[in-house]
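For reference, the structure discussed in these notes is given below.
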C-alpha cells in the first residue's frame, strides 16, 4: 500500500457496522479501516476470475436467499433450468423459517458461469452469491 490514503464514506445499516466492529475486536484488527480494506481486497480477489471468462472453469456457486420472497423460488429454478449446460448438481439446505442455502456445482465456460452468477445476484431476496473456482 502506498503512503497516501483516500478517505471514503459509506452508508449502511447499523447491524452491518455492529458485525464489522465485532470482527475488528475479535480478530484484533488495528482499526475498522483495516478490516474494511481486507474485506474489499477479498471481494476484488473473488471477482478476478470474472476477468478470465473466455476459459473453462469448474467450481461451486453458493447462494443464500430468503425463500419466502414471492416468486423467488420460481425465478431461481428457471435460471437453473436455463443453465443446465453448466450446472452439474445442486444441494438445497433450509437454514431456518426464512433462509435457504444452495450449493450449485458448475463446469463450463466462464462466460456462462459469470452470467449465471450475475442473474442470481440481481434477484430481490438473494442475500449472497459466491463463486469459488477450483
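The backbone N, Cα and C atoms fix where each Cβ goes, and this holds for glycine too.
The domain 'Ribbon-helix-helix protein CopG' feature in TrEMBL is assigned to 6-45. Sorting the domain 'Ribbon-helix-helix protein CopG' (6-45) by DSSP state (H, G, I as helix; E, B as strand; all else coil) yields 27 helix, 0 strand, 13 coil.
According to DSSP, the domain 'Transcription factor NikR nickel binding C-terminal' (59-132) comprises 23 helix, 34 strand, 17 coil. Residues or ranges marked as domain 'Transcription factor NikR nickel binding C-terminal' by TrEMBL: 59-132.
Positions annotated as Ni(2+) binding site by TrEMBL: 81, 92, 94, 100. Around residue 92 (Ni(2+) binding site), the same-chain residues at least 6 positions away in sequence with a Cβ under 8 Å from its Cβ are 100, 101, 102.
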Next item on the list: Would you mind checking how many other C-beta atoms are within 10 angstroms of the C-beta on residue 100 (Ni(2+) binding site)?
Entry: 18
Margin query: I want to check the contact list for residue 94 (Ni(2+) binding site): same chain, sequence separation of six or more, C-beta distance under 8 angstroms. What comes out?
Written below: 67, 100
Checklist line | Same-chain residues near the domain 'Ribbon-helix-helix protein CopG' (6-45), Cβ under 8 Å, at least 6 residues beyond its ends | finding: none
Checklist line | Packing count at residue 81 (Ni(2+) binding site) (other Cβ atoms within 10 Å of its Cβ) | finding: 9
